[in-house]
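Here Swiss-Prot flags 7-135 as domain 'RNase III'. Under the heading Mg(2+) binding site, Swiss-Prot lists 48, 121, 124. Taken from Swiss-Prot, the feature active site covers 52, 124. If you look up Swiss-Prot, you'll see 160-229 marked as domain 'DRBM', on the strength of sequence analysis.
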């Protein structure tokens, strides 16, 4: 049984009225839903692709104007913290958009990770739809109020070991660290990542974890503990 979409309720949450509501319906359509209901003409994947770029542009512009003295490296890592899946999941939650997602019955969303991914993709797809329908301005009006204020953004730059390492290497060596991810298996056979962090071609640290993001953090933390006496 196909579900109906309460377009007006979503428009109210977004404070945006679609000239082409079909774009919104497409944004709500998870690929698994289209697999179960072939009458759904298109799923959200292409709009996700577009929305990801829109989000990145708006957040980049926001940070650029908010922090006029911040260097490119810290702007980049701060942006990453504001556009990643966890951040997009939180934006979806703030707007209460998740309840409108059209998703197949067979799609597993029981795990928290699965829900984060689905909701993050939904947010990006909706941004893509808003951009196509109304341009960059309404997309910006949706995104910017969801972002943390300046005082809340500042700690994001230093709490993450990757950000701290980048700041340290830029200040002391005028270079950025680079990361290399390799496949890895834990003792119980679970797949994961072995990440190495290099500075000026030298290995500074390593990390092992189930996710690449966590392994990168561990590698950066080891690099800091070895090379930065303040940590």
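Using the three backbone atoms N, Cα and C, a Cβ is placed for every residue, glycine included.
According to DSSP, residue 124 (Mg(2+) binding site) is assigned to a helical segment.
The highest number of surrounding Cβ atoms within 10 Å, among the recorded positions 48, 52, 121, is found at 121. Residue counts of the domain 'RNase III' (7-135) by helix, strand and coil are 93 helix, 2 strand, 34 coil (DSSP-based).
Residue 121 (Mg(2+) binding site) sits 9 Å from residue 52 (active site), taking the C-alpha atoms as the reference points.
Sorting the domain 'DRBM' (160-229) by DSSP state (H, G, I as helix; E, B as strand; all else coil) yields 29 helix, 25 strand, 16 coil.
Taking the mean position of the Cβ atoms of 48, 121, 124 as the Mg(2+) site, the remaining residues of that chain whose Cβ falls within 8 Å of it are 44, 45, 47, 49, 51, 52, 88, 120, 122, 123, 125, 128. Calculated from their C-alpha atoms, the gap between residue 124 (Mg(2+) binding site) and residue 52 (active site) amounts to 5 Å. Note on the domain 'RNase III' (7-135): its mean pLDDT in the predicted model is 90.
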